[in-house]
Amino acid sequence: MEALLVLPLLLLLSAGPCAPQLLGIRGDALEKSCLQLPLDCDDIYAQGYQADGVYLIYPSGPSVPVPVFCDMTTEGGKWTVFQKRFNGSVSFFRGWNDYKLGFGRADGEYWLGLQNMHLLTLKQKYELRVDLEDFENNTAFAKYADFSISPNAVSAEEDGYTLYVSGFEDGGAGDSLTYHSGQKFSTFDRDQDLFVQNCAALSSGAFWFRSCHFANLNGFYLGGSHLSYANGINWAQWKGFYYSLKRTEMKIRRA
């Protein structure tokens, strides 16, 4: 499994409570006074770091720094990106443990991890933005005023990291995600959807499948139009089930 790392391991291990924040993928250490460890990109923005790039956040406490890409530009910034795809360099057809803990590199394609996402939404209220781009360079987005992962569960994993979204706002992409609200997350090795077959295997990905999907943003990177049904990076309400998108970002910001 690829670890969800981008910054040098030595820097990660030395990042104590008073360590300077690391700005962008360059790893420039700025001289700052001792700051509270950031939970998310909202905190990082508030601390004065307002450039797009990779930063460290601490959703599970001070001993576990997590690299994350912060979008500080789009619509006022402060977005914590938890899913990013743009070139097919990272396989997203993975098992449960990878999706639970995260994989890829925060300066490239990556998945932040279901447990990290749960811990974030347990502590704050978030909105969600989904940015999409096709191979003809058309862009669209969808926004949701409320986003959370198993907010009331004693054990989020036993609850299946259930998705809750509401308050759709159209940015040209249409609503392909509300259909999935209330569903548990499924991978090919942990089938928790409502279909008699394995939706993750059929869709070549992992998602909050129902039976099966209108959104499949973790599907195969197929490079535009494809003959196979619904197993690419699909957002059905924008491009249907036979078009795999070029770029996707799923990101959250405090509401």
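Including glycine, each Cβ sits where the backbone N, Cα and C put it.
So that you can see what the record holds, here are the features copied from Swiss-Prot:
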type     : residues : note
SIGNAL   : 1-20     : signal peptide
DOMAIN   : 32-255   : domain 'Fibrinogen C-terminal'
CARBOHYD : ASN87    : N-linked glycosylation site
CARBOHYD : ASN137   : N-linked glycosylation site
Using a Cβ cut-off under 8 Å and a sequence separation of 6 or more, which residues in the same chain sit near ASN87 (N-linked glycosylation site)? GLU109, TYR221
According to DSSP, folded down to helix, strand and coil, what is ASN137 (N-linked glycosylation site)? coil
Across the domain 'Fibrinogen C-terminal' (32-255) the predicted model averages a pLDDT of 97
Around the Cβ of ASN137 (N-linked glycosylation site), how many other Cβ atoms lie within 10 Å? Please give the count over every shown protein chain. 8
Can you check what DSSP calls ASN87 (N-linked glycosylation site), collapsed to helix, strand or coil? coil
